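I'd like to ask you about the structure that follows.
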Amino acid sequence: MFEKPVVKSFQYGNHTVTLETGVMARQATAAVMATMDDTSVFVSVVAKKEAVAGQDFFPLTVNYQERTYAAGKIPGGFFKREGRPSEGETLTARLIDRPIRPLFPSAFKNEVQVIATVVSINPDVNPDMITMIATSAALAISGAPFNGPIGAARVGHIDGELVLNPSNTELENSKLDLVVSGTEGAVLMVESEADNLSEEEMLSAVVYGHDQQQVVIKAINEFAAEVATPSWNWEAPAVNTELKAQVAELAETRLSDAYQITEKMARYEQVGAIKNDTVEALIAQDENLDEREIRGMLGSLEKNVVRSRIIAGNPRIDGREKDMVRALDVRTGVLPRTHGSSLFTRGETQALVTATLGTQRDAQIIDSLMGEKKDNFLLHYNFPPYCVGETGFVGSPKRREIGHGKLAKRGIQAVMPSVDEFPYTVRVVSEITESNGSSSMASVCGTSLALMDAGVPIKASVAGIAMGLVKEGDDFVVLSDILGDEDHLGDMDFKVAGTNAGITALQMDIKIEGITKEIMQIALNQAQGARKHILSVMDEAISGAREDISEFAPRIHTMKISSDKIKDVIGKGGAVIRALCEETGTTIEIEDDGTIKIAATEGAAAKEAIRRIEEITAEVEVGRIYQGKVARLADFGAFVTILPGKDGLVHISQIADKRVEKVSDYLTEGQEVPVKVLEIDRQGRVRLSMKEAVETPAEGEAPAAE
């Protein structure tokens, strides 16, 4: 029934990788089962042989899905099946998409869908690297016009050494978590989080990762040669050179003039008018011309106009030199009732950022295939349509918003205090209110400011900058603080976040081959200068965390009790702690070691909760006088509550100096009486005396029981 499957195994660092095709999903264009030390991913590729008529974009879709059966689990929730992609799945899908997208020919508009399914998981081997490798292999054997294959590597920095594909355990002690992907000759994508590493250390890690993944690229080439899928007979549509010349004659000079308009919306309006005029003029001459073809040529012309001006050394679109940062405006405390806020503006890019402090129960619980963990620092990025002057759908976050939020979080993570240093859950929200390039890096700057405004003791200010590149032949120009147009029309998007001490996050997307180590070094050094300039402006507004948190934020008070007293504070079925929270208006969290965290917006409420917990956990002291409350009467005496949950017996002979016939003649239930602790027997029973408490009034009384 099956043809003999093609299997390729190779050693990749400390891991054994196996690629297999020919058994499953034989109706797909290509399919690969890839395994790295018991972590297995099944990747299918379906590519349409024909493009949809008139389609002017490349419809590539990457879906990444983790199945809970891979970890031997059943999904939670009512329906007991996987639902929409998690944030982690979305980020991995973007990680796969970014290096493969530029390797399809620019004229290729056929629909391509990649579906990656994690089917087995080794908790020590993250599935993202093997998924990227499997995707590369599947595309390499698909026959579609793909200029790969690519490799992928994760690089750690542990004890001063670079480590290839570190395990999750090793990553906990690493100063770097960097993913690099590229072809045999070029780096295409970098995604990283670092703990204040230098530019040289980051570049070394990128080069190391690219060198190591050559093993993968070689193995995939051998795998593809063995599968021997015939290549498609696809050719880029012929360019109508006569029409191209007409378009250039009508629009080139006007577009060059339009790109000297520095204000974005005015420039867009003028460029739009030029394109409409050109289309109308050409169709008036020949009604058979295709408007989409003309607009495609105008887009290419527009790109060439902007790029040639930059390569020639002319001022940029908004009049700046190549290494200039746009004008900055930095404000903090802009919203009266939030715990922390900032408004960061860089040219026509602006972010309104808020910081909110919560308790440990506000932490996000992430239940992934790799296990459950708590996240005490959340950063959410919103990109509403009005920020670019458009209308559009407003709803749940899109892939891009999730990705940008994660990048900003990576930039800030290294300076965040530990939970022991600052026992709060912190949520940051960045609302992009204006956008013209590098809104994710504006979010980094705004987050740093908002956290300081909220009184979060971050280790240092963090700023982010987006760099760009235009390369023609051997000539290239590196641009600082790129605009949206420069990002779209350039060859590289290179985002760097960091402190004055070093880099905390680096993201790189390269659209062309030929980006050398030297070019990346120049870009990193130029980014360092821009970052330090932004940090100096930010430090003028706020250079350190405020001494106190907002009056509207919960204050967390920490106390410690003996672990064997935890059950007393919680009570039967949680009754005691529930009553404490409701009656004092506080939030109380108890850890297994007896640490209690009390969160309250008012100091008096926290003090009352602390007092009551101290009472509950207090030990009864022999010889001490307590103000007790009669709990119940018996023929032989009375049971008196001296501390919450702790009763003692006043024997009938210890009620008064004279003979007592009936206990009820002297006491009633609910009556408050002073009692002295005479002894505590081996069984923990407490013997009390009323008459000795009256006889020795000089001794200090304990707080009344409730």
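Cβ coordinates come from backbone N, Cα and C, glycine included.
Features from Swiss-Prot:
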- Asp487, Asp493: Mg(2+) binding site (BINDING)
- 554-613: domain 'KH' (DOMAIN)
- 623-691: domain 'S1 motif' (DOMAIN)
I need the least crowded one of these binding-site residues (Asp487, Asp493), counting other C-beta atoms within 10 angstroms of each C-beta.
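Output over binding-site residues Asp487, Asp493: least Cβ neighbours within 10 Å is Asp487.
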May I have the DSSP-based helix, strand and coil counts for the residues of the domain 'S1 motif' (623-691)?
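Grouping H, G, I as helix and E, B as strand yields 7 helix, 36 strand, 26 coil.
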If you run the three-state DSSP split on Asp487 (Mg(2+) binding site), which class comes out?
helix
With helix taken as DSSP H, G or I, strand as E or B and everything else coil, how many residues of the domain 'KH' (554-613) land in each class?
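Result for the domain 'KH' (554-613), in helix, strand, coil order: 32 helix, 16 strand, 12 coil.
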Report the mean pLDDT of the predicted model across the domain 'S1 motif' (623-691), rounded to a whole number.
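In the predicted model, the domain 'S1 motif' (623-691) has a mean pLDDT of 87.
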On the three-state reduction of DSSP, what should I expect for Asp493 (Mg(2+) binding site)?
strand
